[in-house]
Amino acid sequence: MISFSSFYKQISDSSLQHWLETLPSILGQWQREHKHGSLPKWEKVLNKLHYPEADIIDFKTSVKIGSGDQLSDGERQKLENLLAIFKPWRKGPYSLHGIEIDTEWRSDWKWERVVPHISPLENRTVLDVGCGSGYHMWRMLGEGAKHVVGIDPSPLFMCQFEAVKRLAGNEQPIHFLPLGIEELPALDAFDTVFSMGVLYHRRSPIDHIFQLRDQLRVGGELVLETLVIDGDENTVLMPTDRYGKMNNVWFLPSVEMLMLWLKKCDFTDIRCVDVDVTSLAEQRSTPWMPNESLVDYLDPNDVSLTVEGYPAPKRATIIATKNQPNKDLI
């Protein structure tokens, strides 16, 4: 069973230490609920990932662990076969001992769009909400973050993250917790909170923004990336059924409305730093994610529309600062 003891130890003398009052029981319950299903099989795969300390580790410019020269061809093929058990790999890419995991998403492109605009992560305690397999967490660590915590309820994403971490070395100050944000208390402790690709999946986007705010210290920075549509501060799209074949998309605001939501939730210094239409080169099927992808979600006769006739995916990144709490909003 995946252990969280090293995380408990790392936060015992940090700004997150009061989380220890509730977190062990919550994760203990999660472990009991996942004794069956695919998780035990995946954990057996993780236990086979015993490899020499990597001669190269780079999280600054990519996520690269090992040059590829340390393993024989047979060892590398064995590692590739083990990593393939965790398909589909959606967020990446990763270079692991010479194995190039070409994921569905070029998450490095998103990171390069975002990182020039955020406050430096050096020595900051960072939370990544809806972190997926953790690609951006490693890049946050590469920017010098003191602690990086990612939360996502998916057991598969957790195992993908753990596979990378075991190859990188378990002593890294980076941890994945299989939780949704609604399971977190109001920690008021993180210097930076990222929520990228989550808001449009939430039935109540305002509640989600409040939950994000509750994790930040006063003066902390929110990095919020989500799907948007064109329009003014009165514009929002709620799909009648599916959007891009997804049945869990609820609200797509305009940039102006999104900024209004943040202002209403008592954030300050609110600014849009990037708007980008998702390209077919950024999200596509690969051997590591052989299922349907963006091209299958768009109108084959007009890629500016989804198959349902809505505007094709466009993503905005908003940065904002947590203000002093307004008692009228609590």
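Placement of Cβ uses the backbone N, Cα and C atoms for every residue, glycine included.
Per Swiss-Prot, the features are:
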type: BINDING; residues: Lys91, Trp105, Lys110, Gly130, Asp152, Pro153, Ser154, Ile181, Glu182, Met196, Tyr200, Arg315; note: carboxy-S-adenosyl-L-methionine binding site
Packing count at Ser154 (carboxy-S-adenosyl-L-methionine binding site) (other Cβ atoms within 10 Å of its Cβ): 16
Reduced DSSP assignment, Lys91 (carboxy-S-adenosyl-L-methionine binding site): strand
Densest Cβ neighbourhood among Asp152, Glu182 (binding-site residues), 10 Å radius: Asp152
Cβ neighbours within the same chain of Lys91 (carboxy-S-adenosyl-L-methionine binding site) - under 8 Å, at least six residues apart: Thr103, Glu104, Trp105, Ser107, Gly132, Ser133, Gly134, Tyr135, His136
